[in-house]
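Working notes for the structure below.
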Ligand SMILES: Nc1ncnc2c1ncn2[C@@H]1O[C@H](COP(=O)(O)OP(=O)(O)OP(=O)(O)O)[C@@H](O)[C@H]1O
Ligand SMILES: [Mg+2]
């Protein structure tokens, strides 16, 4: 059986913290699907298409990575694409509380799909897409927090006056 894992998230935009999790998960599975949640209740800075393009660019060096998007229930999407695992990153105790709830309900809905947690790399434990956007919005450098292509995309967005 092919071992397929999903790394789900908003990725608005992808950070070095996300990339670190994807890079570490990649050798454990035959295929990783990085799946962008198309969440209509959040007002994103980057469109789903833009987010997917950035993810594809920064994961180009990794084999067996697919980039996709989904809406609705993650377990339904996982079953649809034949995935047997969901990989989530944990930054802090605060992540754990929420993630445990989600993993438990997902397990109840589909017990064929395991949720696996990976501890953040210490250097990225404070890093989130929101923090990066906040910094970039006010012109602070986000070098080292996101890949260079994402840095450039953020500069471009905010130079157009998009203050999301
Ligand atoms: N710095 C990080 N280290 C480890 N895992 C991370 C890091 N940032 C995000 N993740 C994980 O990546 C997955 C997708 O998260 P998500 O897209 O919500 O990112 P986020 O940075 O938390 O964005 P936002 O600030 O919009 O909430 C989640 O499993 C999340 O825990
Ligand atoms: Mg978050």
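The backbone N, Cα and C atoms fix where each Cβ goes, glycine too.
Please treat TrEMBL annotations as automatic predictions, because they have not gone through curation.
The domain 'Cytidyltransferase-like' annotation in TrEMBL covers 6-134.
According to TrEMBL, the feature ATP binding site maps to 10, 11, 18, 89, 90, 91, 99, 124, 125, 126, 127, 128, 129, 130. Under 8 Å, Cβ to Cβ, and six or more positions away along its own chain, residue 18 (ATP binding site) finds 7, 9, 11, 89. Following the DSSP three-state reduction, the secondary structure of residue 18 (ATP binding site) is helix.
Within 10 Å of the C-beta of residue 88 (substrate binding site) we count 19 further C-beta atoms, all protein chains included. A strand conformation is recorded for residue 88 (substrate binding site) in the three-state DSSP classification. Annotation source TrEMBL lists substrate binding site at 10, 42, 74, 88.
Taken from TrEMBL, the feature site 'Transition state stabilizer' covers 18.
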Item checked: Nonlocal residues around residue 129 (ATP binding site), in sequence order (Cβ under 8 Å, 6 or more apart) -> 10, 11, 12, 13, 14, 15
Note to self: I need the nearest neighbour of residue 88 (substrate binding site) among the binding-site residues 99, 125, 127, using C-alpha distances.
What the structure shows: 99
Checklist line | Spatial neighbour of residue 74 (substrate binding site) that is closest, considering only the binding-site residues 90, 99, 125 and their CA atoms | finding: 99
Notebook entry, point to check: Counting across all protein chains shown, how many other Cβ atoms sit within 10 Å of the Cβ of residue 74 (substrate binding site)?
Noted result: 21
